[in-house]
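Just below is one structure, and these are the notes that go with it.
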Amino acid sequence: MLADIITLFPEVVNVPLGSSIMGRARDKGLFQFRVHDLREQGMGKYRQVDDEPYGGGPGMVLRPEPIFATLEPLRTPQSRVLLMTPQGKPFKQEDAVRLSKEEHLIFLCGHYEGVDQRIVESCVDEELSLGDYVLTNGAIAAAVMIDAIVRLLPGVLGDDESAVQESFGESGLLDHPHYTRPAEWRGIKVPDILLSGDHGKIAKWRKEQALERTKANRPDLLEGK
Ligand SMILES: C[S@@+](CC[C@H](N)C(=O)[O-])C[C@H]1O[C@@H](n2cnc3c(N)ncnc32)[C@H](O)[C@@H]1O
């Protein structure tokens with residue numbers, strides 16, 4: 001998979017996508033990313049990328065020309081252009097799964113008040129939101145979404161099962177609690193069942209715990225089940 005990221009702030013994505021599991025995935029050739037600084041296509045002596053909104057009001061809007069000049073050479077029939085915006089459809093695990101099957105994703109990251117609507121209408125395949133809050137810039141959202149997508153690619157996680165047995169996995173539930181050594185820490189013991197060696201009972205306990213957590217923290221996930 002190839003991810004192209006168009007942003008005014010390359011450093012916001014370079015670090016998370018070059019580190020840890022993402023960095024190793026790239027080193028192994030499982031995915032590639034390229035960051036395109038929108039400023040390079042800025043207009044005039046000052047490489048202007050934004051302007052005042054027509055109709056008045058606060059803030060600045062990203063002009064269409066620098067975005068188009070950056071985006072157009074990257075597009076191929078296989079590309080999917082994703083606009084990062086709080087007005088988009090909320091990005092969920094199912095979107096990560098769906099997008100992990102694409103060959104080429106282009107993440108268009110806004111700043112200030114966002115991008116000129118004509119770009120949205122003529123170049124964007126999908127508008128995606130990280131959640132119901134407003135970030136300062138779309139590169140933060142792109143880094144999060146790319147991480148969620150890329151970790152699903154075959155070979156990225158050490159243990160392929162770990163993408164299945166976790167929150168929002170096949171069960172649709174939140175994950176169960178996890179414990180490691182020591183067996184007792186500050187007077188709090190690891191549940192006996194986890195030390196029992198009885199894998200059937202452990203699996204049942206984990207399922208119950210996952211259900212309890214989901215009921216408590218995310219009852220919406222159980223609707224219609
Ligand atoms: C300050 S926000 C613009 C908010 C916009 N005026 C609005 O109210 O919908 C600047 C940029 O950050 C990004 N952004 C902010 N919140 C986001 C979210 N929840 N999901 C994805 N991107 C977001 C978008 O790329 C947006 O263009």
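Cβ atoms here come from the backbone N, Cα and C positions, even for glycine.
Automatic, uncurated: that is what TrEMBL annotation is.
The domain 'tRNA methyltransferase TRMD/TRM10-type' annotation in TrEMBL covers 2-223. The S-adenosyl-L-methionine binding site feature in TrEMBL is assigned to Gly110, Leu130, Gly131, Asp132, Tyr133, Val134, Leu135.
All features noted in TrEMBL, drawn onto the structure.
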residue: Gly110; record: S-adenosyl-L-methionine binding site; contacts (Cβ under 8 Å, 6+ apart): Leu62, Leu83, Met84, Thr85, Asn137, Gly138
residue: Leu130; record: S-adenosyl-L-methionine binding site; contacts (Cβ under 8 Å, 6+ apart): Met84, Pro86, Pro90, Phe91, Ile140, Ala141, Val144, Met145
residue: Gly131; record: S-adenosyl-L-methionine binding site; contacts (Cβ under 8 Å, 6+ apart): Pro90, Phe91
residue: Asp132; record: S-adenosyl-L-methionine binding site; contacts (Cβ under 8 Å, 6+ apart): Pro86, Pro90
residue: Tyr133; record: S-adenosyl-L-methionine binding site; contacts (Cβ under 8 Å, 6+ apart): Pro86
residue: Val134; record: S-adenosyl-L-methionine binding site; contacts (Cβ under 8 Å, 6+ apart): Pro86
residue: Leu135; record: S-adenosyl-L-methionine binding site; contacts (Cβ under 8 Å, 6+ apart): Pro86, Ala141
